[in-house]
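A.B. asks: Below you will find the structure I want to go over with you.
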Amino acid sequence: MTRPSLTSDESFRTLTAKMKHYEVEILDAKTKDKLCFLDKVEPNATIGEIKSMFHKSHPQWYPARQSIRLDPKGKSLKDEDVLQHLPVGTTATFYFRDLGAQISWVTVFLTEYAGPLLLYLMFYFRVPFIYAPKYDFTTSKHWVVHLACMCHSFHYLKRLLETLFVHRFSHGTMPLRNIFKNCTYYWGFAAWMAYYINHPLYTPPTIYGEQQVRMALVLFLFCQIGNFSIHIALRNLRPPGSKTRKIPYPTKNPFTWIFLLVSCPNYTYELGSWLGFTLMTQCLPVAFFTAVGFIQMTVWAKGKHRSYLKEFRDYPPLRSPILPFIL
């Protein structure tokens, strides 16, 4: 009985089945020295799994600290990239860069947000050694000072709770050095703002008075609700444990309808919140913090907007990064 001949597709599958393993060598991106050689690596192995294998031979470089790339000066490969789908031969050469000590995003966010909350309250309660001794543990006679404390505390409590229960991070860690930079920024500005707002000689808005404060409070609360709504919408786009990216669209929640015009409305609402706080307190350090934050958020928004345009061909063309039709 003759054996039936194999079709071209069957021949390809047979040949592929025989080529069961890859050989992987990992070189130092700077010196080109060979750091590791991995034998018999499965074709469906991911970069994340290769990092774990590399970690076994070099315990000092845990996976989150590793940057694996195809070219010494190229971009880092994603952990979910599959070996057989990369432009490499059966002997794959990768280049390694040390990203330095890493720390989780959750830890960084909790630290940088808890600081402003506690620091502001220290100035609000006028603990000793901040103002003159006769003002220790006294309270301001201006109701806007108490309102500002409630708004500031609400803002950072919201951020802490969102970090714990809402945000889903695409990257688990960031460089350890970032925590010092971020805390200097948030803690420093919080102390600067709190010192003047809670100062015994502070004077509340006088031009429009209570009407200005009330309008500022409405703007602040409106934008806080909007910011939270956007965070919930972004969270629902990404299933737990997934790094999937999708185009965000408006939901039934009216606060998300701004997605029709803006790529990063969470930053738009954040800016609105601090504008409201600036009008409420009429304090120069708050205005300066708002301006610096706006510049930084614009940089982030533009970067994310470019990323959306590059990744999704059907991305809505009317959207601006942070301000509708302007920026």
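Please read every residue number as a count from 1 along the shown chain.
Cβ coordinates are placed from backbone N, Cα and C, and glycine is handled just like the others.
Not measured: the values here are computed from a predicted model.
Annotations per TrEMBL:
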DOMAIN    23-98  domain 'TECR-like N-terminal'
DOMAIN    173-327  domain '3-oxo-5-alpha-steroid 4-dehydrogenase C-terminal'
TRANSMEM  103-123  transmembrane segment
TRANSMEM  182-201  transmembrane segment
TRANSMEM  213-234  transmembrane segment
TRANSMEM  255-277  transmembrane segment
TRANSMEM  283-301  transmembrane segment
A.B. asks: Sort the residues of the domain 'TECR-like N-terminal' (23-98) into helix, strand and coil with DSSP and give the three counts.
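C.D. replies: For that range the per-state counts are 17 helix, 28 strand, 31 coil.
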A.B. asks: For the transmembrane segment (182-201), what are the same-chain contacts with Cβ under 8 Å, counting residues 6+ beyond its ends?
C.D. replies: 108, 111-113, 115-116, 119-120, 122-124, 126, 130-132, 135, 138, 140, 145, 148-149, 152, 281, 283-286, 289, 292
A.B. asks: Which bits of the chain, at least 6 residues beyond where the transmembrane segment (213-234) starts or stops, bring a Cβ under 8 A of a Cβ in it?
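C.D. replies: Counting only partners 6 or more residues beyond its ends, the transmembrane segment (213-234) has Cβ contacts under 8 Å with 144, 147, 151, 154-155, 158, 162, 166-167, 204-205, 248, 251, 253, 255-256, 258-259, 265-266, 268-273, 275-280.
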